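Undergrad: Take a look at what TrEMBL says about it:
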DOMAIN    159-275  domain 'UBP-type'
BINDING   Cys183, Cys186, Cys203  Zn(2+) binding site
BINDING   Trp193, Arg205, Lys206, Asn207, Phe208, Tyr249, Tyr251, Asp256  substrate binding site
DOMAIN    315-777  domain 'USP'
ACT_SITE  Cys324  active site, nucleophile
DOMAIN    611-652  domain 'UBA'
ACT_SITE  His739  active site, proton acceptor
Amino acid sequence: MMKPEEIAALSERLGLKSPQRNTPVHKEECIYSNDTEKSPKGLYINLKTFQSFGHDMLTYDRSGQDTLYLHVKKNFVPRKVPEEEEEATPNVDDRGAAVYKQKKLYDEVLECHVCSSARDDFVPLDMAPQEVQSICKAIVDHEGYDVKKDDFYWEEKAVESKYAKSLFQIDSPPVINYGDLACQRCGAKSNLWLNLSDGYIGCGRKNFDCGGCQDGQEGAAIQHYNETGGVRPLAVKVGTITATSGDVYSYAPDEDCLVIDPYLADHLAHFGIDVKNLTRTEKSTLELEMEKNELHDWSNMNTSDTEVAYGPGLVGMDNLGNTCYMNSAIQFLAAVDDLASYFNSNYDRIARGIPEGFMPHEDVLLQFAKTIKSLITDRVVNQQLELINLYKKACEEASIEYVKPEEYKNFSIRPTMLKYAIGQTKKDFLNNDQQDAEEFLSFFINLLEDMSPEIKRRCAEPLKLKDMFFAYTRQSIICDSLNKITYNDNENQMICLPLYSASCDKDKMDSSEPIPLTECFKNWGMEQEIEYLQGSETHPAVIKNSFLTLPDYLIVNLERFHIKPDYTIEKITNPITVPPEGIVLETCEERDTEGYNIECNTRETKKAKTTINPGVLKSLMAMGFSEKLCTAACEKTGSSDIETCVNWILTNMDNVSEDNLECGKDASDVAVNASILMDLGYSHESASMAAEKFGDDIAAAVDWITNNEGRPKSNKRKRSTYRPTAIISHIGSSINTGHYVCHVNRNGHWYTFNDSKVLRNNSIPTGNGYIYLLRRCPEEPCNIDKDNTEKA
């Protein structure tokens with residue numbers, strides 16, 4: 001054991017000082033793994049850098065050999081529950097809800113030691129020199145780097161309604177008997193909303209899993225708003241009204257959300273309702289939303305709520321506050337065996353290759369590799385099983401009945417540092433607002449692609465993301481009257497498919513009608529008649545989409561959200577079906593272009609997808625601006641604010657032409673020549689390189705490719721069968737609310753990853769899909785070991 005004088009000498013040599021309040025102290029989690037103070041071997045906090053390391057990760061500490069650590073280990077010590085706690089009565093919170101005090105089944109005991117990197121021994125903290133004890137105590141008492149990490153809420157932030165101050169209220173209003181209310185349309189007694197303009201009582205709006213009138217129709221409250229001309233927007237939920245608050249909803253299209261009505265008491269007094277005498281009798285909208293999240297009871301996803309699955313590849317991710325979008329996207333990517341195995345096998349190179357001066361907790365590659373390693377290996381599972389066994393043993397020794405602690409019921413990690421690192425590259429993902437999973441997934445794949453040179457530098461072998469995900473598509477516009485064919489070739493890491501059934505009018509489609517995914521592909525590739533503008537004249541033409549190449553994994557985004565004529569966004573809720581034999585996709589057929597003038601434009605959509613919010617782009621285009629102009633506005637401003645983008649368009653639309661927003665002439669010439677080479681059967685990559693090298697000299701380009709590749713060939717088969725291997729589902733009515741879960745196929749069984757909880761599915765959960773990961777058949781053997789199942 002180190003002697004106190006040795007510790008004191010080392011402390012003085014290192015110049016150790018206590019951390020100040022604003023000093024970054026990483027004491028919550030190991031920077032290089034998901035180990036915490038509750039892990040079997042605890043956490044080692046460097047007394048010089050205040051960085052934390054798990055026992056196995058001390059090798060990555062770049063401080064050198066002479067280092068002092070504070071070793072912290074938190075143990076669960078079982079306790080007997082006193083009789084007075086067993087019979088405790090509930091308290092009432094400030095909103096009138098009953099709150100039961102949770103029975104304390106165990107005490108958390110923190111053990112602290114001082115140790116050196118050069119010696120494998122521990123000195124109890126109370127035996128260390130006083131100055132070292134002071135430093136360690138300051139670390140223990142420090143708020144840590146992740147301040148207010150649990151200060152998260154599920155709700156959107158309510159703002160004051162602009163209609164509240166001058167709200168229209170009818171003359172001679174009805175006097176409302178607040179104690180005996182019912183829906184004026186169906187007679188229901190619960191989920192009632194009172195219109196603050198005329199006193200009409202009606203059922204709440206129909207949501208994805210509840211609400212609406214008793215006959216199954218849309219809620220009477222919103223129907224009444226529409227029937228009265230849309231000029232009476234505010235309604236308050238009956239049963240949530242107290243002397244100080246109440247749930248108020250604005251049906252106005254430009255708000256369409258929960259709002260604040262600071263004049264609520266006056267508005268209710270108009271109908272003879274005195275709020276001072278009212279108490280809450282129903283759960284608020286926020287409480288219902290939080291309850292759904294806490295219980296994970298999102299829809300009929302056909303999972304077993306009593307069986308928690310765990311094992312390598314079956315590790316959940318805790319929700320840090322509206323981070324279900326990130327959790328689902330990361331689990332989605334962890335289902336890509338090629339990607340997951342790459343980051344897992346190269347973890348050591350990534351960790352040791354962090355450039356000098358870069359902070360490990362801000363390094364996206366390290367934090368992603370660390371997360372993948374935790375998700376697909378047995379490290380987290382084995383650690384928790386060890387903790388469970390230790391706690392069971394402690395219960396036996398104390399003669400206390402074993403009851404599993406809540407923390408041990410799910411096998412999961414907290415992705416705090418991953419979220420922080422990604423947030424450093426895009427601030428939208430640093431806050432706690434709900435985000436679109438599709439936008440995050442696109443952004444993150446593009447971020448990895450942008451970091452390809454750094455990944456190759458650290459790992460020595462390239463990460464072939466383009467082979468994994470990127471498909472080259474072609475939009476062909478054929479105008480026979482002009483003898484002209486225009487090719488718009490795009491590079492996509494995600495294919496967006498229209499969501500409607502060809503068997504009926506898409507504007508009158510029954511929301512319960514299943515739509516086959518194969519039909520979505522068919523609609524995407526179907527020829528459509530258009531008017532082609534040449535100069536000031538229009539000519540009949542046809543437009544069609546097709547694949548030039550097919551990747552190993554095809555990511556498909558269904559366009560479940562669309563803009564209605566009133567510019568509000570509506571969700572298409574139709575269930576999706578996928579044939580068990582898979583989906584057959586083909587690259588485009590060669591077309592006889594003799595006699596046609598060929599124009600080819602190549603555009604990499606990846607950069608635009610990195611910064612452009614699809615909802616913002618759609619909203620701008622709905623205002624009548626062209627897609628090119630809207631895309632340029634989003635890229636130039638770097639903003640997701642519609643007003644900012646509109647101002648840029650209005651300021652610059654006279655100074656830029658549509659042609660200037662396209663590729664330059666040189667790029668277009670390269671694209672045309674590459675297209676000719678691809679029609680001869682060469683791969684997109686080789687054709688593009690040869691066209692750039694030899695220009696219009698097609699013969700020289702063919703010779704060059706032949707000498708390098710041999711006979712004409714394509715990197716990808718021209719006909720491939722795909723089956724789903726992961727699905728992200730969105731539950732809810734709005735893109736900015738609701739909840740995301742991820743379904744993954746592991747070893748032939750489907751599992752639902754609902755944040756920290758992992759449940760086994762009884763059937764393939766394709767119905768609510770928003771984003772699909774399709775894998776080319778035949779599937780490679782899965783690298784994930786067998787799973788376990790345990791009663792919750």
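Any Cβ shown, glycine's included, is placed from N, Cα and C.
Each of the listed features needs to be described in terms of its position in the shown structure.
TA: Residues in the domain 'UBP-type' (159-275) partition by DSSP class (helix H, G, I; strand E, B; coil) as 15 helix, 20 strand, 82 coil.
Every protein chain shown contributes to the tally, and the Cβ of Cys186 (Zn(2+) binding site) ends up with 16 other Cβ atoms within 10 Å.
Cβ neighbours of Lys206 (substrate binding site) (same chain, under 8 Å, six or more residues apart in sequence): Gly212, Gln217, Glu218, Gly219.
Listed in sequence order, the residues of the same chain lying 6 or more apart from Cys324 (active site, nucleophile) and placing their CB within less than 8 Å of its CB are Gln434, His739, Tyr740, Val741, Asp755.
Annotation note: His739 (active site, proton acceptor) sits in a strand segment as assigned by DSSP.
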Undergrad: I'd like the number of other C-beta atoms within 10 A of the C-beta of Cys183 (Zn(2+) binding site), please.
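TA: Neighbour count, Cβ to Cβ under the 10 Å cut-off: 22.
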Undergrad: Among the binding-site residues Trp193, Tyr249, Tyr251, point out the residue whose Cβ has the most other Cβ atoms within 10 Å, with all shown protein chains included in the count.
TA: Trp193
Undergrad: For the recorded Zn(2+) site formed by Cys183, Cys186, Cys203, name the remaining residues of the chain with Cβ within 8 Å of the site's Cβ center, in chain order.
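TA: The answer, listed by sequence position, is Ala182, Gln184, Arg185, Gly187, Ala188, Leu192, Gly202, Cys213, Gln214, Gly219, Ala220.
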Undergrad: Comparing the recorded positions Arg205, His739, which residue's C-beta has the most other C-beta atoms within 10 angstroms in this structure?
TA: His739
Undergrad: Translate the DSSP assignment of Cys324 (active site, nucleophile) into the three-state scheme.
TA: helix
Undergrad: Expressed to the nearest Å, what is the distance separating Trp193 (substrate binding site) and Cys203 (Zn(2+) binding site) at their Cα atoms?
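TA: The separation of the Cα atoms works out to 6 Å.
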Undergrad: By CA-CA distance, flag whichever of Arg205, Tyr249, Tyr251, Asp256 among the binding-site residues is nearest to Cys186 (Zn(2+) binding site).
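TA: Given the candidates Arg205, Tyr249, Tyr251, Asp256, the nearest one is Arg205.
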